[in-house]
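Visitor: Dropping the structure in here first, questions after.
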Amino acid sequence: LGVSAATEVSFSFDVGNGPVEIIVRSPNQLNDDQWHRVNAERNVKQASLQVDQLPVEVRKAPTEGHTRLELYSQLYVGAAGGQRGFLGCIRSLRMNGVTLDLEERAKVTPGVKPGCSGHCTSYGMYCANGGKCVEKYNGYSCDCSKTAYDGPFCIKDVGAFFEEGMWLRYNFRSPGTSIKDLVSRTLLSSTDPEITAPDLNLNKEELSFSFSTTKSPCVLLYISSYTQDFMAVLVKPSGNLQIRYSLGGTKEPYNIDVDHRNMANGQPHTINITRNGRDIVLQLDHYPPTSYSLPTASDIQFNSPKALFLGKVIEIGKIDQDIYKYNTPGFTGCLSRVQFNQIAPLKAALRPTNASSHVHIQGELVESNCGASPLTIPPMSAATDPWHLDSASADFPYNGQAIGDGVNRNSAIIGGVIAVVIFTILCTLVFLIRYMFRHKGTYHTNEAKGAESAESADAAIMNNDPNFTETIDESKKEWLI
């Protein structure tokens, strides 16, 4: 009993009438890091093999010949007789109703370890942003193919800079899938089996991307259809964001306006939109999610999506007038980590993937890490700013990351102490400078006593020093020789 190929499980035996092999073929690969259940049975009448919930393969025993299977050797699990060894996990092995203790044997068998948690159980959390953990022989890897991210752990966002007039279109169908897809740009018949396929009529969507721009108005993202249904994310002339849904059933599209924020401020912003039936949830940057609901008259099914546009809408047929006006001159700025359900159009354009053939680009698409900058929140209005005097009860948008009163008080105390220290140092310097200059400007005189009453300075000296008188007298004597 073994896995003969990536999609096949075989059960072979020989009771003396020649080798017999039963094979079950699976439509999906069996080496997908998922548990699969195998049930093999042989009796005197028949042999059968079942894998998971696939149909049972049965082989009847011959009417004549040997029927008894006599086995005298040991039971080998995972490898036998020089065959390629099994790499993976086996559990719940039962033979003839008896459960075999594989874990105890694994403790004393080289190359086999008890337990089957794998690397992904311990390290799968590091595969971020929807990346799938894949078990390897001596480690693991992250599969980012169904995400808008790249890198070993699916944390490197893929973004690009759009110049004015540039646009990207992602076709939901491969080129040439349908003849009508190539020749018709208007309504298609609902009898077309491809159009009425369940996977082309969406009851829910998940959309997420980041952008930054300084120009408005513009079209960020637009999803067209073979019907009149569409979805759009716009920046209005005021710089505010608008999400527009038109699913049929109403005369006018349903608009979600985010009027309290100016989105055309050059800073990166993140948008997450989830629709499930009539319920829409919008999350913008770090703000809490906001819920909306489509009108009762509105349809809840996005019929036959056709293409996804980034930067500009180039579609033949009727387009909403506002969107047509916002199309000029086009989006200028950065778009990154764009993902609609399982589709990542920017990544398909910048990386060689299976979906690269779906992408058409007008202009030069330059890869940029502009979306990797940390999200920032610009100044809010007085009504929503928690630090404004008139909005003391406003909620802070950082979800618990606001600075507490204790931190503010400590900061004020530290600032006061620093100010006092600086003031003291300045006063000390002023005192020292004044003392030094005062010392340099003084001098000492040995003025004779009685100088005030003397007629002259010489008289004062002579009056004060008696020896000086004798000296003068001796010097003034005249000698006659």
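For all residues, glycine too, the Cβ spot is worked out from N, Cα and C.
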Visitor: Tell me, from C89, C144, C154, C218, which cysteine TrEMBL puts in a disulphide with C116.
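Guide: Of the listed candidates, TrEMBL names C89 as the partner.
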Visitor: Identify, in sequence order, the residues in the chain of C116 (disulfide bond) that are 6 or more apart from it along the sequence and have a CB within less than 8 Å of its CB; answer 'none' if there are none.
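Guide: In sequence order, C89, I90, R91 meet the Cβ cut-off.
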Visitor: Taking only the residues in the domain 'Laminin G' (1-116), give me the average pLDDT of this model.
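Guide: For the domain 'Laminin G' (1-116), the model's average pLDDT rounds to 86.
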